[in-house]
Amino acid sequence: MGDAAERSSTRDGSTTRIAGVRPYGEDAGDLYVRDGVLVDPVSDPDETIDAGGLIALPGLVDLHTHLREPGGEEAETVDTGSAAAALGGYTAVFAMPNTDPVADSPVVVEHVWRRGREVGLVDVHPVGAVTVGLEGSRLAEMGMMAASPARVRMFSDDGRCVNDPLVMRRALEYARALDAVVAQHAEDHRLTVGAQAHEGPVAARLGLAGWDPAAEESIIARDVMLAAAAGARLHVCHLSTARSAEVLRWARETMDVTVSAEVTPHHLLLTDTAAEDYDPVHKVNPPLRPSADTAALRRALADGTVDCVATDHAPHAVEAKDCEWSAARPGMLGLQTALPVVVTTMVATGLLDWRGVARVCSEAPARIAGLADQGRPLTVGEPATLTLVDPDAAWTVRGESLASRAANTPYEGMQMPVSVVHTMLRGRWTVRDGAVRELRKVAQDG
Ligand code: DOR
Ligand code: ZN
């Protein structure tokens, strides 16, 4: 093992002291790491990292990432997406199955899982498709995917809604038997044929076909009832309207249902008026909503109605975005900007403190996905899986400088208030001083 590899790891019996760090933004102290876990203080650490002024959070967990491999490698790969994730402070991501071929079989999910292990920068958990080819009619081999080495425990047709209620009911029943969760992209496609932007005055003025918010809200209302009937766990992807949050509150108050929900950073920050420049970088599904919705979503995240933040990181090749609005593919990059956008919308506004950030960006998503060694407290005996954030290091977003293969960020030129400085996965540095570590060698040698 070379020097660089040795320095990147605490798994060889050596102890690293992370000095002067503020866990959850609270009182400064030292964290000690040995053999991949947080340990009691020692007097003679082998290495000391000066983390004065930095905030430590448990490694972030993203339930909604498009890594595009296999089949979409011109936009992203497991390599480039894992690098973007680690740089964004993530230690685990869930890779959506709308790839080519679709991840609807044990072969494809195992391939994605193995690629993630080879790269070694974040834990890559493949999400299995609910239906064959995402076509919405026949259930995919959910049991086989669950039994594969990838141990799939989350299923979704994301990009598409499981629109047929009987197929959704059956999927929930299988998920229950597998102790898995169905993550629904809530969009009644009958209501959104040709839709281009949130249905309202902005879209009308721009001449863009409207996306009726009821297409989302009505599917969530339907699905909580189906999940209650099936005794299954439902997760709602990228919730985007105030009324969707109301439906969740009503469901939890009135029925015995286990339902969780995520909101994206872009639905917390950006509004439908972003489309006024007709730049397809702002085209996303579900679409950006009016400011009354973003305000309600922030409140819903703060009060726990919405459980967590998920990026819906959706890289697209230049051709898919450098065209007229209606021809462009929906989606935007998210992994490297998620935490700063959460800080802007939730911390700077006083809605959440850093403990709250840990809850919505790490603990809650780990719990929803059933990950045992992510989203854990920063206490002795727990995995050394964490991210160190400089709360005062502002930076300017440049799509070309992001680690993703694609550059379709809606935040081009925008100032972000905080920076991820270091990320550690089970005692291995994946990011040091804002740069990705070359871990392949470490993974192979040791
Ligand atoms: O904007 C989106 N992009 N929404 C989705 O549901 C799918 C995603 C993608 O795969 O590009
Ligand atoms: Zn989606």
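Even glycines carry a Cβ here, placed using N, Cα and C.
Keep in mind the model is a prediction, meaning the values are calculated, not measured.
According to TrEMBL, the protein carries these features:
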REGION    1-21  region 'Disordered'
COMPBIAS  1-10  compositional bias 'Basic and acidic residues'
DOMAIN    55-242  domain 'Dihydroorotase catalytic'
BINDING   HIS64, HIS66, ASP158, ASP312  Zn(2+) 1 binding site
BINDING   HIS66, LEU67, ARG68, ASN98, ASN285, HIS316, PRO330, GLY331  substrate binding site
BINDING   ASP158, HIS185, HIS238  Zn(2+) 2 binding site
ACT_SITE  ASP312  active site
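Checked against ligand 2, the binding-site residues HIS66, LEU67, ASN98, HIS185, HIS316, PRO330 give HIS185 in sequence order as having a Cβ less than 6 Å away from one of its atoms. Other residues of the same chain near the Zn(2+) 1 site, with their Cβ within 8 Å of the Cβ centroid of HIS64, HIS66, ASP158, ASP312, are THR65, MET96, GLY159, CYS237, HIS238, ALA310, THR311, HIS313, ALA314. Among the binding-site residues ASN98, HIS185, HIS238, ASN285, GLY331, the residues whose Cβ sits under 6 Å from any atom of ligand 1 are ASN98, HIS185, ASN285, GLY331. If you measure from the Cα atom of LEU67 (substrate binding site) to that of HIS185 (Zn(2+) 2 binding site), you get 17 Å. According to DSSP, HIS66 (Zn(2+) 1 binding site) sits in a coil region rather than a helix or strand.
Cα to Cα, HIS316 (substrate binding site) and HIS238 (Zn(2+) 2 binding site) are separated by 18 Å. All protein chains shown were included, and the count of other CB atoms within 10 Å of the CB of HIS316 (substrate binding site) stands at 28. Shown are the binding-site residues PRO330, GLY331; of these, the residue with the fewest other Cβ atoms within 10 Å is PRO330.
Spacing of HIS185 (Zn(2+) 2 binding site) relative to ASP158 (Zn(2+) 1 binding site) is 5 Å (Cα to Cα, whole number).
The two recorded residues ARG68 (substrate binding site) and HIS238 (Zn(2+) 2 binding site) have their Cα atoms spaced 18 Å from each other. Separation of the C-alpha atoms of ASP312 (Zn(2+) 1 binding site) and HIS238 (Zn(2+) 2 binding site): 7 Å, rounded to the nearest whole number. Apart from ASP158, HIS185, HIS238, the Zn(2+) 2 site neighbourhood in this chain, defined by C-beta within 8 angstroms of the site C-beta centre, holds HIS64, MET96, SER156, GLY159, CYS161, ALA183, GLN184, ALA186, GLU187, CYS237, ASN285, PRO286, ASP312.
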